[in-house]
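Features as listed in TrEMBL:
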DOMAIN    B:146-441  domain 'NADH:quinone oxidoreductase/Mrp antiporter transmembrane'
TRANSMEM  B:12-33  transmembrane segment
TRANSMEM  B:80-98  transmembrane segment
TRANSMEM  B:149-169  transmembrane segment
TRANSMEM  B:181-206  transmembrane segment
TRANSMEM  B:226-251  transmembrane segment
TRANSMEM  B:263-284  transmembrane segment
TRANSMEM  B:296-315  transmembrane segment
TRANSMEM  B:322-344  transmembrane segment
TRANSMEM  B:350-370  transmembrane segment
TRANSMEM  B:391-419  transmembrane segment
TRANSMEM  B:431-455  transmembrane segment
TRANSMEM  B:467-489  transmembrane segment
Amino acid sequence: MFNTNSLVYLIGLPLFGATFLLLAGRKVDKWGHILATVLSGSAFIVGVDQFFQMANRAPEDRAITQVLFSWINVGTFNVDAALLLDQLSICFVLLITGVGTLIHIYSIAYMSHDENRRRFFAYLNLFIAAMLLLVLGNSYLNLYVGWEGVGLASYLLIGFWNQKPAYATASKKAFIANRVGDMGLSLAIMIAFATLGTVSFAGVAEKSHTASQGALTAIGIMLLVAATGKSAQFPLQAWLGDAMAGPTPVSALIHAATMVTAGVYLIVRSNFIFDAAPTAQLLVVIIGAITLMFGAIIGTAKDDIKKALAASTMSQIGYMVLASGLGPVGYAFAIMHLLTHGFFKAGMFLGAGSVMHGMDDEVNMRKFGGIRLFMPITFVTFGLGYLAILGVPPFAGFYSKDKIIETAFYSGGIKGILIGSVALLGAGITAFYMSRLMILTFMGTPRYTEDKNPHESSFLILLPMAILAIGSVASGFLLSHGNALVNWLSPLFEMTEETENEIMPPIVISSLALVFVAAGFALAWKMYARSAVSNTAPTDVSIFTKAARRDLFQDDFNEAVFMRPGQLLTKTLVSTDELLVDGTVRGIGKAAIGSGNLLRTTQTGFVRSYAALILIGAISLIAAIWVVTQ
Amino acid sequence: MTFTAPVLSYQLLSPILIVLGGALIGVLVEAFVSRKLRPIAQLSLTIGTLLLALFQVFTIRNSQSTTAAMGSVVIDGPAVLMQASILVISILAAFLIADTENFVPVAAAVPGSEDERRAIQSGQTLTEVFPLTLFAVSGMMIFPIATDLITLFVALEMLSLPLYLMAGLSRRRRLLSQESALKYFLLGAFSSAFFLFGAAYLYGYSGSVSFEGIRIAIAGGSGNDIILLIGIAFLSVGLLFKVGAVPFHAWSPDVYQGAPTPVTAFMAAATKVAAFGAMLRIFYTAFANAQWQWRPLLIVISIITMLFGSLVAIAQRDVKRMLAYSSIAHAGFLLAGVIALNKAGLEGSIFYLFAYGVATVGAFGVVTLVRDSTGEVTDLNRWAGLGKRSPWVATIFAGFLLAFAGIPLTSGFIGKFAIFSAAYEGGSKSIVIAGVLSSAIAAFFYIRVIVLMFFTDPQEDGTSVVIPSILTRATVVICFVVTIALGVFPSPLLDSIKTLAIFIR
């Protein structure tokens, strides 16, 4: 049914949906969302078909390329608009279209009261198309187009309810933080072109050994900057919490499952750069470790359910980035955690949306409590995701997160012990804040006001949550059974036989992780289940809690270091422009007008003075000749 | 002494002869055709003559001959290009001249007299302007192909004398018009005297009046250099007067303003082509070997001309005077092409002359359209808000102004670029710097007019754009289209100029 040419349909179907829905206008309000969902679902079917075709090919033939057209052809610089589907991108294709379609279905019900639902679905389709282009592009330049496309879709969707100024600001914040990262990506592309003369993945991989260490490190660091922007990693993480202003399905799809993992994709895709640039690779690990702690700590103090989940996302992506910085052994586990996280985090976000739906869009967890009785299905699906993120066996997170902790410990030396400990501690904190979230929301006694009427959501909302919950349970086992994913991806990476630094056997690490998780859970149980919870946030808290509530001062830092000096700089520039530049220009203008007025006085209107002028001119010529020839 | 009958190559001279013949028939038409039929007859005759001449130029486009008229004129690529440019510009200008609204009904009547009043009442129109135009055109066509000083002088007078008359034909503000005509005549005569004086010196230096003879004499280097240089200087005064270079420019603002606007268009565009054609030929062929002597002089004049024209244009409040000073500045730019003294300079100059001529005719064509009850409105302040009242006319005028300013995507940019790069190649960096500087100054006043038209609120003073006649409309639109087309697709014209633009001796 499909052949290699069908790659273009993957992107083409949702792109058509976005274009059509945006251009058709209100006339298609009635059925536009159905079309968008069907198109997204069709893309998923194409993806599944491609997956089976690929699985049936020999490992060395699995990657296929489809050239669409010659895009740039300037001198020696040739870039085709071409799509590359290999073992790595198919994982993303399935995740994007699969989870994407579920979220389309969810949104039909979730957005049913919004008069701009068609526009919402158009943006969702736009996002799917852009994200697919991002993971299917065969060069950094093609990836960049998708990269910018998802940034645009994210911006449009965060600010979807832009009638609220705070939401509009949040979308701008996300956009600007992403621009910083985008600049990193464009610089990486330019350096790659300047040093290697090519920007395709295959070309860069082939020629990377010809480049100097400095150039490779520079490319690596710039790619890392790009990844920190898109994946909300330290130090460009501040936008993700505010991005929760978008409708909850958006948070689930873009800001949990797919777009924010683009940074991980970029790093794993650029494995040939990072493998050859140890400094950049070490930075990746450090950034990942910092972010996973950063997010986890913020998560402990958030009362807004979506912001707590956002902090958790940040922290989990920190795990992935950390893993992707561990070299060939880590790439597959980064991707595995990315996939399992895609299921359980999207599922929990949808669960949070379902709770908000039943609670009149309340997001403060201190005003929830005991909701499990009214929303049993939401409770169960959310709970399965919760167990998955904690890493309780045999749920999905156990397989993926444990592997990351293990690989971190095994990476050798002091570094291995350090980052392994951070990952282990992070797992404990994760257990604490997720249990806190779970207990505050679903357990205990109701703390909401009388006028709230918690109720279970409709079928269309519950169905995607149920499917994602199955993923939360089973995906880890399926992906790691017989090292399925590792073997699947291994042809892409240059596996080096590393000496194993087994400082502890895996079973010890797993047990340690479980101990930390249990400790985190116990602490949360003691603090929130065994003692009464106030429905307003207590103010007499330690400085650490205050810091965590303020997102560890990320905004204060940005304001003090970037915003205020930036404003000062622009003010200075504006006044310099007005005084110096404009002043000079005006001065020149005035001088020109003045000299013009002066010179025009020679135009007396008297023919005798004109004749005199000619005579003087002629005499001057003769005089000049006289002088020249003497 | 035996008299040798002149041997003339009528085929090669036919464009000039056709124009002269048309002019003579025009005189007869003036004498014998009834007053009613005269305007249409004269117009058809003029346009027909010019078109026929253009066709003849086209048929001889690949000819090369130095003996077409006993060695007095030369037919070569530049000659053909110049003649074709002059003819095209003249046809466009003739469409404007056809709008007799601008001309006095009886030129001989004293301004404000009873005779004039009666002539206006009886609906008389002036038609002498057509044969006069043709006579001027024939002079212009000889001017750039002349190869001896005598022919050059005859051509100079042939093109000048009708123009002196035509400048005085304005229907409105007749005293101003007649004053300007007289000024033009007096100063023209004055500069002609310099020209002849220079020619005499050159004869004294070389013993020859032909360009070839002068060239050989300079190459031989046996003569008195002082005499040669005085000759070149005085001859240049005559030529620089015609192109309006500083300090021989003083006539042009007054005449541009006083003359009927269609005549201004004709004289500003076509005269410049003819005069620069002659200058290019004489400096590139006869004086080429004396370049170390004359180039510094021309460089100074060119720089002064550019800067003076651009600076004084800023201070103008009258659109026709502003265009006059703009034309002075453009003369400076064109001198850069003469100074370049290389093939690129010749090519650039020819392109620039054609592009500038077309844009000039178009711009003055627009000026004829903006009127109030007493005639054309040339006060710039009253052009305020024209863009709101007549967006099309204002847009087209803005297009011409941008071309004058040398903004990309207009012919002016390509022309300036070609000339300045040729001058740079020719080693005159100072000229390029001055040229770019004065282009920047010039952009200021061109764009100020655009701002005035589009971004200033209109005054309620009855200024309006008249519905243009079909011919005026054709001129303005054709000029606009050519101006933009040469800016976007200059290569066809540039290529054909490149293959043709070689002076033969």
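Backbone N, Cα and C define each Cβ position, glycine as well.
For the transmembrane segment (B:263-284), the neighbouring stretch richest in Cβ pairs under 8 Å, chosen from B:80-98, B:431-455, B:467-489, is B:80-98. Counting Cβ pairs closer than 8 Å to the transmembrane segment (B:467-489), the top stretch among B:12-33, B:226-251, B:350-370, B:431-455 is B:350-370. Counted over residue pairs 6 or more apart, the CB atoms of the transmembrane segment (B:431-455) and the transmembrane segment (B:350-370) come under 8 Å in fewer than three pairs, which marks the two as apart.
Here the transmembrane segment (B:149-169) sits apart from the transmembrane segment (B:80-98); fewer than 3 CB pairs are under 8 Å, leaving out pairs fewer than 6 apart in sequence. Long-range contacts of the transmembrane segment (B:391-419) within the same chain, counting only residues at least 6 positions beyond its ends with a Cβ under 8 Å from a Cβ of the stretch, are 326, 330, 333-334, 336-337, 340, 344-345, 347-349, 351-352, 355-356, 358-360, 362-363, 366, 369-370, 435, 439, 442-443, 446-447, 449-450, 453-454, 465, 476-477, 479-480, 482-488, 490, 494. Of the candidate ranges B:80-98, B:226-251, B:350-370, B:226-251 has the most C-beta pairs within less than 8 angstroms of the transmembrane segment (B:181-206). For the transmembrane segment (B:350-370), the partner stretch with the most Cβ pairs below 8 Å, chosen from B:12-33, B:80-98, B:226-251, B:322-344, is B:80-98. Under 8 Å from some Cβ of the transmembrane segment (B:322-344) lie the Cβ atoms of residues 243-246, 249, 252-253, 255-257, 264, 268, 272, 276, 279-280, 283-284, 288, 291, 295, 298-299, 301-310, 312-313, 316, 352-353, 356, 360, 363-364, 367, 380, 404, 416, 418-423, 425-426, 428, 431-432, 435, 438-439, 442, 445-446, 449, 501-502, all in the same chain and six or more residues away from its ends.
With a cut-off of 8 Å between Cβ atoms, the residues of this chain six or more beyond the transmembrane segment (B:80-98) that come close are 15, 39, 43, 46-47, 50-51, 53-54, 57-58, 60-61, 63, 129-130, 133, 137, 140-141, 144-145, 261-263, 265-266, 269-270, 273-274, 277, 350, 353-354, 357-358, 361-362, 364-365, 368, 469, 471-472, 474-475, 478-479, 497, 500-501.
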